[in-house]
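As annotated by TrEMBL, transmembrane segment applies to 12-34, 55-73, 93-115, 122-142, 148-173, 185-208, 214-234.
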């Protein structure tokens, strides 16, 4: 809408102001730690060791696969809507706005279900990937602006299910199989997203050019549907017990600083 009615520079200026405000708020509310504050914190498991963990690899693959439809549609759907239904600039931009609400709904639903049935986290992720796959296949069949909104809402709802179910699973896997330091494992999650969004503008445009928009969506849908059963591999994750790993050794060594003292108290509790 800003691009249509205020010019192409205005959205970027708005984004720049938002980023500046966010940076100032971070400095005010979460200032950098003192030099020695991290001295007594445990060293997390190296990222390359986390990436070869089969359970973490399955989760990372699911996060990348479920974000592929969104990453591939963002650079291609605008041209398709203009060519197939004569959509205007503001209609192309507005197409993504309604998808925000099912995304929030998906997060809420998954949180409530996970609280009631935590052993089914893998199922929520698999269901989300199935919804994403079906919605991706429906996009090329849409013939007007209103119809396009429906499958995009389905894609964002499915992504919310996958993300909300599997991100806590990553933290749990680190707790029971590695050291309870989460920076590296969430970096793997970010890498998964980045792979999808880095490939989007490059691969999606080439596929549309050589094969067509419909084939792109069918391929993305099929990839998600085929990956959903792989999450069965995570079915018994909730039954895992902490192994005698670096994490346990850390807790048994005795406190060396404030962080370790807190962990010892939690361990005793």
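Every residue number used here counts from 1 along the chain in the order it is shown.
Glycine is no exception: its Cβ is also placed from the backbone N, Cα and C atoms.
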Looking at the transmembrane segment (214-234) and the transmembrane segment (55-73), are there 3+ C-beta pairs under 8 A, with each pair at least 6 apart in sequence? yes
- request: Using Cβ atoms only, state whether the transmembrane segment (93-115) and the transmembrane segment (148-173) have three or more pairs under 8 Å that are 6 or more apart in sequence.
  value: yes
Next on the checklist: Let me check one thing: do the transmembrane segment (55-73) and the transmembrane segment (148-173) come into contact, meaning three or more Cβ pairs under 8 Å with sequence separation of at least 6?
Outcome noted: yes
